[in-house]
Amino acid sequence: MSELSDEASEPELLNRSLSMWHGLGTQVSGEELDVPLDLHTAASIGQYEVVKECVQRRELDLNKKNGGGWTPLMYASYIGHDTIVHLLLEAGVSVNVPTPEGQTPLMLASSCGNESIAYFLLQQGAELEMKDIQGWTALFHCTSAGHQHMVRFLLDSGANANVREPICGFTPLMEAAAAGHEIIVQYFLNHGVKVDARDHSGATARMLAKQYGHMKIVALMDTYSPSLPKSLYRSPEKYEDLSSSDESCPAPQRQRPCRKKGVSIHEGPRALARITGIGLGGRAPRPRYEQAPPRGYVTFNSSGENPLEEEGLCCRDVTSPINERDVESSSSSSSREEHAFCANLGPVQSSSSSEGLARAQGLSSEASVESNEDSDHACKSSARKQAKSYMKTKNPDSQWPPRAATDREGFLAESSPQTQRAPYSGPQDLAALLEQIGCLKYLQVFEEQDVDLRIFLTLTESDLKEIGITLFGPKRKMTSAIARWHSSARPPGDALELAYADRLEAEMQELAIQLHKRCEEVEATRGQVCQEQELRAVVESCLLEQDRAREDLQARLRETWALARDAALVLDQLRACQAELSSRVRQDQPPGAATLGLAVPPADSKGWQASLQAMSLPELSGALEDRVREMGQALCLVTQSLEKLQVLNGKKWRET
């Protein structure tokens with residue numbers, strides 16, 4: 001195969017056969033370089049034409065398992081090649097053949113969220129309630145991986161939502177609650193699952209959610225089951241009754257060693273790491289020979305031979321990195337010898353099936369595979385396209401995905417002390433900085449705004465946009481340069497780790513801006529809380545003063561009531577004197593002399609009237625004057641008491 005160019009697209013790469021590097025100057029014919037794809041590899045990397053050719057020849061057993069115990073349908077179902085799955089199903093392959101772990105193609109598709117493939121498999125008679133060696137059904141696998149749409153699809157297809165796995169006694173609802181999948185828990189509750197079911201330790205789904213700090217799920221389950229007894233909310237001796245404030249506390253780590261999760265997309269890179277001898281740290285051994293293979297070639301050698309001996313190279317079956325049991329296989333039914341990948345892999349132009357070969361550059365194998373277990377299969381292709389388009393703009397000489405540089409420590413550790421750069425001091429003016437990042441043409445824009453280097457280093461992305469830097473590329477370069485200046489990092493370059501560091505620095509700067517805003521919001525909230533506390537203290541003091549004023553008012557009212565009662569008694573006496581005086585005037589007869597010199601009668605009304613009849617007219621007149629004087633004094637006291645009540649009540653008494 002001719003050397004691949006940087007402009008080669010992914011379909012062009014997939015349509016070419018695999019090739020090997022036989023050393024510099026070695027003359028090898030094109031026929032010897034061609035390595036045909038077997039059916040399992042073609043199904044795993046999405047080679048529809050190769051699979052179609054194998055199906056049409058009718059010479060191969062489509063249900064045959066490879067050394068790892070996987071069929072072509074399993075690979076296509078796991079990766080998500082729906083066209084190949086449809087082709088194999090039309091050819092009549094078996095849909096319920098399990099792997100050595102007991103996982104059917106439906107379980108593999110469910111673990112990766114491939115909803116369309118699960119639909120095809122169910123249409124062809126796939127058993128929905130079939131269990132693997134752990135006792136997990138397809139519903140368990142998609143629930144554990146967090147694929148919401150797949151869970152809803154299986155529930156609508158009639159999956160048993162109350163099934164239990166035998167190890168811990170978990171139901172799918174318990175698995176979702178313990179893992180924190182809130183939307184999946186919502187689906188199960190809407191489906192009507194048993195929320196009061198307990199596992200082998202006596203814990204319910206609500207207890208598991210509370211134990212691992214998923215308080216939103218706890219509140220969600222409380223809204224769906226408000227009448228549950230409190231005995232279900234607390235397990236004796238094992239689970240404490242946590243308050244709602246526990247959500248702010250760090251949740252315990254979920255460690256479940258007794259239970260194994262379903263198939264993960266990360267198993268592919270791990271398997272490839274064991275094949276190639278490269279650890280998950282992303283560091284490959286350094287080459288011990290001077291000859292380096294050209295771009296686009298992969299070296300092969302026998303595991304027991306010296307890497308320098310190129311005569312031992314031969315073809316082999318391509319081992320898929322997805323099924324880790326492929327590594328354990330020591331023999332194959334084919335006549336070709338079994339060889340392992342050389343530990344010193346050269347640069348490889350990889351497709352979706354060989355992205356794990358990025359470990360040859362010292363990069364992380366897990367990061368080289370575009371995986372998102374918490375999202376559905378529809379999001380994978382768009383994320384992969386965005387990653388590739390981003391790398392074309394950041395580093396046109398490299399075709400590795402941007403996520404392949406997540407293991408920065410392993411990559412940077414490979415640089416020798418002689419190649420490390422000197423400490424970066426930074427440019428002295430704005431023109432030098434802009435020239436360094438390739439944005440010198442924008443110097444005039446900053447000069448018009450009177451922006452020097454000191455002001456430039458304080459600008460944010462929104463400030464640059466306001467000044468007039470509207471293009472995304474220059475704006476990102478400037479924000480990365482500002483972030484690098486503040487972090488005293490090295491200047492930007494063309495290396496892959498520097499491109500990744502630029503993106504991280506920009507994200508860190510944006511996070512710092514958001515943190516500053518949040519701190520300001522927290523300070524404003526604290527000020528509001530202080531104001532509310534002061535207002536509360538003022539209101540409490542006002543209430544205390546009102547209570548004291550009310551008590552004084554009640555005391556004054558009691559005194560006024562007593563004075564009014566005395567005034568009423570004097571008024572009755574005055575009326576009696578007036579009545580007697582009126583009767584005497586009408587009779588026009590002088591009273592007897594025996595009544596002269598009588599003392600003031602008692603205050604009793606009956607005795608008062610009897611004594612008035614015995615008084616003379618002058619005495620009666622004097623008694624009337626005395627009663628009028630007492631009446632005036634009583635009214636004066638009542639008026640004074642009412643005036644005191646006016647002050648306490650806050651308004652004039654006579655105004656009412």
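Here, residue 1 is simply the first one shown, and the rest follow in order.
Cβ coordinates are placed from backbone N, Cα and C, and glycine is handled just like the others.
What Swiss-Prot records for Ser5 (among others) is phosphoserine, and it gives similarity to another entry as the kind of evidence.
Note on Asn96 (3-hydroxyasparagine): other Cβ atoms within 10 Å of its Cβ, all shown chains, come to 13. Annotation note: Asn96 (3-hydroxyasparagine) sits in a coil segment as assigned by DSSP. What Swiss-Prot records for Asn96 is 3-hydroxyasparagine.
As annotated by Swiss-Prot, phosphoserine applies to Ser201 (among others), with the evidence given as similarity to another entry. The Cβ neighbour count for Ser201 (phosphoserine), using a 10 Å radius over every protein chain in view, is 12.
The feature phosphoserine is assigned by Swiss-Prot to Ser225 (among others), with similarity to another entry given as support.
Positions annotated as phosphoserine by Swiss-Prot: Ser243 (among others).
Annotation comment: Swiss-Prot describes Ser245 (among others) as phosphoserine.
The phosphothreonine annotation in Swiss-Prot covers Thr319.
According to Swiss-Prot, the feature phosphoserine maps to Ser320 (among others), an assignment based on similarity to another entry.
Here Swiss-Prot flags Ser368 (among others) as phosphoserine.
Positions annotated as phosphoserine by Swiss-Prot, on the basis of similarity to another entry: Ser371 (among others).
Positions annotated as phosphoserine by Swiss-Prot: Ser375 (among others).
Residues or ranges marked as phosphoserine by Swiss-Prot on the basis of similarity to another entry: Ser541 (among others). In this view, Ser541 (phosphoserine) is surrounded by 10 other Cβ atoms within 10 Å of its Cβ, with every protein chain counted.
The region 'Disordered' annotation in Swiss-Prot covers 235-265 (among others).
Annotation comment: Swiss-Prot describes 277-312 (among others) as region 'Disordered'.
Residues annotated as region 'Disordered' in Swiss-Prot: 346-425 (among others).
For 101-130, the entry in Swiss-Prot reads repeat 'ANK 3'.
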Integer mean pLDDT for the repeat 'ANK 3' (101-130): 94
DSSP three-state assignment (helix, strand or coil) for Ser201 (phosphoserine): coil
Summary of DSSP states over the repeat 'ANK 3' (101-130), given as helix, strand and coil counts: 16 helix, 0 strand, 14 coil
